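Chemist: Encoded as structure tokens, here's the structure I'll be asking about.
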Amino acid sequence: MLPSIAKHVASHQINPLKKHGQNFIFDSSLCDKIVRASHLAENSRVLEIGPGTGGLTRSILQKNPESLTVIETDERFIPLLNEIKEYYPNLNIIKQDALKINLTDLDYDKVTIISNLPYHIGTELVIRWLKEARLITDMTLMLQKEVVERICAMPSTKAYGRLSVICQLIAKVEKCFDVSPTAFYPPPKVYSAIVKLIPLANPPSIALINRVEKITTFAFAGRRKMIKSSLKNLVPNIHEVLTQLKINDNYRAENLAPQDYLRIAMSLSVNKL
């Protein structure tokens, strides 16, 4: 029988490294709650980034997935994870930097992603995975609360921005619950939250999403400017484009819905961007 998460970590004399922004979760009930929020089906193929202490890893394995692949860059955790594997042979351990791995490298038809993501690379990973959405069943992720609020934000709200637009064009997004800093050791300075993203059946093409990314970069760089002003350096005839699409050119970036940005991207030929 495996020891508790805390005892298991202590037996390996592993301490969180500040330089890596590490904060450990020892509460197995929280890990179970995250997995429940994912509605993980038996016999799923699951991917976890940054398993660390293995708490979330254990909770996932207890749901009997077909396989769980974990990607861990900190070699201190590999022996601990190997001990978990002795009880769960369907656990696959890859020592690698998550930013250096694409989902296509893992030979998945479809994968469910459940992770407590390292906050310094969380947003980058989310965007990268969304561009490989055809390979993903769904994602249940722990991120900084501020990032989750940006992912889920509606137009005309303070949190709404580029991340909101991109995520909502590719996936259905839902905030599940907040996580207090006291759930971690040591406690971080910010709250965390769990978000679930389910890729849409027919998301826009990657080429279109890349175009939307470029448009929103210009639009939200001048967040308080009218859209006709913030986009004029990118699209000289932006007034005509917005008029044709029946989008009010006095709107600011935060007033346009994700679909409005997609319509602008679709109306522009590649050579115009």
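Here the Cβ of each residue, glycine as well, is placed from N, Cα and C on the backbone.
From Swiss-Prot, here are the annotated features:
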type: BINDING; residues: ASN23, ILE25, GLY50, GLU72, ASP97, ASN116; note: S-adenosyl-L-methionine binding site
Chemist: Just name the most isolated of the binding-site residues ASN23, ASN116, going by other Cβ atoms within 10 Å of its Cβ.
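Modeler: So among ASN23, ASN116, the binding-site residues given, the one with the fewest Cβ atoms within 10 Å is ASN23.
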Chemist: Of GLU72, ASP97, the binding-site residues given in the record, which has the fewest other CB atoms within 10 A of its CB?
Modeler: ASP97
Chemist: For GLY50 (S-adenosyl-L-methionine binding site), which residues of its chain lie six or more apart in sequence with Cβ-Cβ distance below 8 Å?
Modeler: ILE71, GLU72, THR73, ALA98, SER115, ASN116, LEU117, PRO118
Chemist: Within 10 Å of the Cβ of ILE25 (S-adenosyl-L-methionine binding site), how many other Cβ atoms can you find? Include all protein chains, please.
Modeler: 22
Chemist: If you run the three-state DSSP split on ASN23 (S-adenosyl-L-methionine binding site), which class comes out?
Modeler: coil
